[in-house]
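Engineer: Here's the feature list from TrEMBL:
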- 1-60: region 'Disordered' (REGION)
- 9-19: compositional bias 'Low complexity' (COMPBIAS)
- 20-52: compositional bias 'Basic and acidic residues' (COMPBIAS)
- 56-147: domain 'HTH La-type RNA-binding' (DOMAIN)
- 156-242: domain 'RRM' (DOMAIN)
- 244-275: region 'Disordered' (REGION)
- 265-275: compositional bias 'Basic residues' (COMPBIAS)
Amino acid sequence: MAEEKVLSPEAAPEVAAETVVEKVEEVKPTEDKPEEKVEEKTEEKTEEKTEDKVEEEATAFDPQEVLSQVEFYFSDTNLPKDKFLWRTVQSNQDGWVSINTIASFNRMKKFRPVSAVVDALRKSEFLVVSENGEMVRRKNAILPPKESEKQLRFQRSVYAKGFGEETETTQVDLEKWFAQFGKINEVRLRRDEKKNFKQSVFAEFADLEDAKKFVELSPKPTYNDNELLIMSKPAYVEMKANNENFGGDKKRKFNGFKPGMRGGRGGRGKKQRRE
């Protein structure tokens, strides 16, 4: 008969401790595995997101949209009202503007790479790109509009109100919405003194007849199911002039052709401006 090994009370705790240590050591390797899996999954998700982002940016690039946007910046309609761009143009003897500067504008940031922007601009019949692809300017210098031209722009402009709260895409959305009624030179969101959107716009049609047709539409068009107040800009100005509470714009808006607003820092001023 085998002898039973009897442990003394003093030895029992030591054995128990050894057993616990052995169990802990056995468990350790299995604890590291879930962490490795989590790290691997995180890396995979990051790679997927990066690939998706690159693909999204690539599909978002539209050469025609680039061309339309930059040509608008330099247009007769916008350039005299754009204080920064006007003074940048005036500060260069030949009216060159850095394409990197244009590419930094909020509505241009999504168009990358900049080299693709350069390629798109080279196809313009309105703009000229420098040989090194770093600068862009108008092909023909901008001239002060004749009184008849100013009146025509005024006549083919319309007022519309009821567009709801502003979102990040309001400007683009409204340009697309107005385009269904004819070619548009510009859609200018109206803002109060704190630069909050007044839910109304002035839109200039390229053709006077399209402007008239838009105002005369019956029933009036809606925007996101909202009814709109629509009238010609001349009618709006007359209505406000007859309103006792109408005091006009309190802040004078920039216009490069108005006295005291020509040129800028480094510009050539009235006498030296480009003809």
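Even glycines carry a Cβ here, placed using N, Cα and C.
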Engineer: Which residue counts does DSSP yield for the domain 'RRM' (156-242) in the helix, strand and coil classes, in that order?
Structural biologist: 27 helix, 30 strand, 30 coil
Engineer: Going by DSSP assignments with H, G and I as helix and E and B as strand, what are the residue counts for the domain 'HTH La-type RNA-binding' (56-147)?
Structural biologist: 44 helix, 9 strand, 39 coil
